[in-house]
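Student: My structure is below; once you've seen it, I'll send some questions.
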Amino acid sequence: MAPKGGSKQQSEEDLLLQDFSRNLSAKSSALFFGNAFIVSAIPIWLYWRIWHMDLIQSAVLYSVMTLVSTYLVAFAYKNVKFVLKHKVAQKREDAVSKEVTRKLSEADNRKMSRKEKDERILWKKNEVADYEATTFSIFYNNTLFLVLVIVASFFILKNFNPTVNYILSISASSGLIALLSTGSK
């Protein structure tokens, strides 16, 4: 049986590995899929009110395309977040280190080892990078998706039947942001 100190060290290592992995927590997944569903459903209003596609007659089409688009947009969120997280962590490292060191100096830090201080700084840096990368990923992908839908709908596919216009503009927009998100920028 492993000693308790080794078990604690293993759990700390697992937490660090989890922070740098591509896997999302349940909270992040819910946030991404919730936002992706909302932004994917917005074009329904556009096609219902402007292109006069009936809600009831097109309900199945709206549902299928919204679900497909939700998956692709959430996929783009995840990829962009992962790429940005490390860049943000590098840029914010000095500021986060100063803030954590200042807070620790205000508190009683004489009892704290250098390793524990470094772990707190790393944890805070990772938390800040995760938050900033998540919010920027959602903002960037939502903006790009909605701009692509509007451009495709009103300019590129304006002479198509509204049903074909909807299918092509939603699938092309969500597919394009999912494709663009796979690049390493």
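Keep in mind that glycine also has a Cβ here, set from the backbone N, Cα and C atoms.
Quick paste from Swiss-Prot:
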- 1-27: topological domain 'Lumenal' (TOPO_DOM)
- M1: N-acetylmethionine (MOD_RES)
- S7: phosphoserine (MOD_RES)
- S11: phosphoserine (MOD_RES)
- 28-48: transmembrane segment (TRANSMEM)
- 49-54: topological domain 'Cytoplasmic' (TOPO_DOM)
- 55-76: transmembrane segment (TRANSMEM)
- 77-135: topological domain 'Lumenal' (TOPO_DOM)
- S105: phosphoserine (MOD_RES)
- 136-157: transmembrane segment (TRANSMEM)
- 158-163: topological domain 'Cytoplasmic' (TOPO_DOM)
- 164-184: transmembrane segment (TRANSMEM)
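What does the local environment look like for each feature on the list?
Tutor: The topological domain 'Lumenal' (1-27) scores a mean pLDDT of 63 in the predicted structure.
Counting every protein chain shown, the number of other Cβ atoms lying within 10 Å of the Cβ of S105 (phosphoserine) is 9.
For the transmembrane segment (136-157), same-chain residues at least 6 beyond its ends with a Cβ under 8 Å from one of its own Cβ atoms are 31-32, 35, 39-40, 42-43, 46-47, 51, 69, 73, 76-78, 80-81, 84, 88, 164-166, 168-170, 172-174, 176-177, 180-181.
Secondary structure by DSSP for the topological domain 'Cytoplasmic' (158-163): 2 helix, 0 strand, 4 coil.
Sequence-remote contacts of a segment are chain residues at least 6 beyond its ends whose Cβ falls under 8 Å from one of its Cβ atoms, and for the transmembrane segment (164-184) they are 40, 43, 47, 51, 53, 58, 61, 65-66, 68-69, 72-73, 75-80, 83, 141, 144-145, 148-149, 152-153, 156-158.
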Student: Tally of helix, strand and coil residues over the topological domain 'Lumenal' (77-135) according to DSSP?
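Tutor: Helix, strand and coil residues of the topological domain 'Lumenal' (77-135) number 52 helix, 0 strand, 7 coil.
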Student: Summarise the topological domain 'Cytoplasmic' (49-54) as counts of helix, strand and coil residues per DSSP.
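Tutor: Going by DSSP assignments, the topological domain 'Cytoplasmic' (49-54) contains 1 helix, 0 strand, 5 coil.
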